[in-house]
């Protein structure tokens, strides 16, 4: 009886770990914090509070 309970617990643990590993991989792929940040290179026109900021700073309407 004890062996059956231990076997069921072992199988349940393995299945739970496998599912957790699978879902953690998809979370990393979909996470916006992990994605590479985009920025405008120097010389591109800019303005304060742009959706995609300059890689450096915005000086006189151009990325520096």
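Note that Cβ sites are derived from N, Cα and C of the backbone, with glycine treated the same way.
From a predicted model like this one, the values you see are computed outputs, not experimental measurements.
As written in Swiss-Prot, here are the features:
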DISULFID  39-55  disulfide bond
DISULFID  46-58  disulfide bond
DISULFID  54-63  disulfide bond
SIGNAL    1-20  signal peptide
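Here the candidates are the disulfide-bonded residues 46, 54, 58, 63, and by Cα distance the one nearest residue 39 (disulfide bond) turns out to be 54.
Residue 58 (disulfide bond) has a Cβ environment of 18 other Cβ atoms inside 10 Å. The separation of residue 63 (disulfide bond) from residue 55 (disulfide bond), Cα to Cα, is 7 Å.
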